[in-house]
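Listed in Swiss-Prot for this protein:
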BINDING   CYS144, CYS147, CYS157, CYS160  Zn(2+) binding site
BINDING   LYS333  ATP binding site
MOTIF     12-22  motif ''HIGH' region'
MOTIF     330-334  motif ''KMSKS' region'
Amino acid sequence: MPSRVLITSALPYANGPLHFGHIAGAYLPADVYARFRRLLGDDVLYICGSDEYGIAITLNAERAGLGYQEYVNMYHKIHKDTFDKLKISLDFFSRTTNPFHKALVEDFYTQLKSKGLIENQTSLQLYSEEENRFLADRYVEGTCPRCGFDGARGDECQKCGADYEATDLIHPRSKLSGSELVLKETEHAYFHLERMVEPLLDFIDKSYLPEHVRKFIVDYIKNLRPRAITRDLSWGIPVPDFPNKVFYVWFDAPIGYISGTMDWAASVNNPEAWKDFWLEESTEYVQFIGKDNIPFHAAIFPAMELGQSIPYKKMDALISSEFYLLEGAQFSKSEGNYIDMDAFLDTYSLDKLRYVLAATAPETSDSEFTFLDFKTRCNSELVGKFGNFINRVLAFAEKNGFKELVYSETLLEDKDKKFLDDAQRIVQEAREHYSKYSLRKACSAIMELAALGNIYVNDQAPWKLLKEGLAHRVEAVLFCACYCQKLLALISYPILPGTAWEIWNMLSPKSLDLVNQDKDRVKNLWNSEFFDVSDEVFSLKTPQLLCAIVD
């Protein structure tokens, strides 16, 4: 029976272009997993959207001389275009200015307040006497209280990933004027996170998290304290009973997963469809995020869900990446350590980029993109192993007139059957890797299967068999090689969708109805009918070069 699967990626801030680090961290892994679950035949909904409130946006919009809505509209389109170019197979890309979001945020707030989990408190906050206003989050910078980095933001350190209040910074100053800030009393609404420690620990104990994430978040939850969920800004969702205050972006943003699903349901003219994913406990919910978003997704948002009465689906698995670097340093457009996505894709194929990002994904530790590694992986793995196996077999078949290959039990020898069994074993291993969210191991399985195919072809040497007049034996070897290629395309599809589709198109297997499949959302192939070798027929087409060498 198919499972219902809800997949979300962290909502990207609508305040700048996406870089390779973002893609390798939260978006390519989610896309790969969504494609894998569709192949299994599951009912998948992959949701994301722009995060359009918060101080980072007001700060950059003011610097750009643009209105806030104009600014987020611009980056919403840029992000959507980027995801389209990268073939991130989102079912819907929403935004936190969608028509459902405001009312939903207000409902969360009202429910949490009615249960005594939100209360107004007076506290000391950072104030700029020069600018005559309170400043917080990214309007503030200073020295990180954890690692000592000077230039840390007011809500998190971009160097070590620490999460804190702006008042925790050492020597805080205004991001705009550079002036020293003072502490001044003001009133804000506070979420009593410390009252949610036990429910959160119980929830985390039942959820799937990578061990490095689990260790961090358990310690984090044990030290929770009340947290302000309001800000003194003009851009944001107004707090219903608190004049001149808006909600803190990390209170409203995660609710965007739910409102974004409502937005999707409206777009498909089935306004109640969102409930199948958010109000059904049987739904499997997997979140993909970056390292710096762990506290908000593993503690604050679950606390918001647990603290109110509507049984919204809580995440079953939280997949968090570490940092992805460029040549050993953080991606930074202002510092020149940056790759223009459009220019890169004008030079190199999309699947080459997807493969290298997957093979070097920062799954359990920081990793990096380097041009030397990109070139090496493309040429030695995609061209030397993968592409070579496909092209040599299909080119030989066409040159020697083998247009249709049909399974014949009598023509298969023990070594052929062992080869097919070994191929099936690797496919099963790939399934396990995808199921456990490991792109790196999936890439290894892809190359292992390609290498197995090359070894088989080398050992059987169909060119020699042909010279010896053993055409029936050549046909058996080519059939087995093509069957392996069909499986190779299957396990490659989540990472290399364009390449996999080309392979299937050249093989034209009887077991795959290409006409009735959407090549961007191939569904229900990972099943016994597709694997059944006894009924398979290949109607080969003229081969096309799959992978070109990177100079």
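Backbone N, Cα and C atoms are what each Cβ position is placed from, and that goes for glycine too.
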Residues from the same chain, set at least six apart from the ends of the motif ''HIGH' region' (12-22), whose C-beta lies under 8 A from its own:
48, 50-52, 54, 56-57, 60-61, 71-72, 74-76, 78-79, 82, 95, 290, 323-326, 330-331, 333, 338-339, 341, 357, 369
Chain-mates of CYS144, CYS147, CYS157, CYS160 with C-beta within 8 Å of site centroid, Zn(2+):
PRO145, ARG146, GLY148, PHE149, ALA152, LYS159, GLY161, ALA162
Write out the long-range same-chain contacts of CYS160 (Zn(2+) binding site), meaning residues 6 or more apart in sequence whose Cβ is under 8 Å from its Cβ.
CYS144, ARG146, CYS147, PHE149
Give me the Cα-Cα distance between the residue listed as 'ATP binding site' and CYS157 (Zn(2+) binding site), rounded to a whole Å.
18
Across all the protein chains here, work out how many other Cβ atoms are within 10 Å of the Cβ of LYS333 (ATP binding site).
12
Taking the Cβ of CYS144 (Zn(2+) binding site) as the centre, how many other Cβ atoms fall within a 10 Å radius?
23
What is the number of other Cβ atoms found within 10 Å of the Cβ of CYS157 (Zn(2+) binding site)?
22
Cβ packing number for CYS147 (Zn(2+) binding site), 10 Å threshold:
12
What are the helix, strand and coil residue counts for the motif ''KMSKS' region' (330-334) according to DSSP?
0 helix, 1 strand, 4 coil
Tally of helix, strand and coil residues over the motif ''HIGH' region' (12-22) according to DSSP?
3 helix, 1 strand, 7 coil
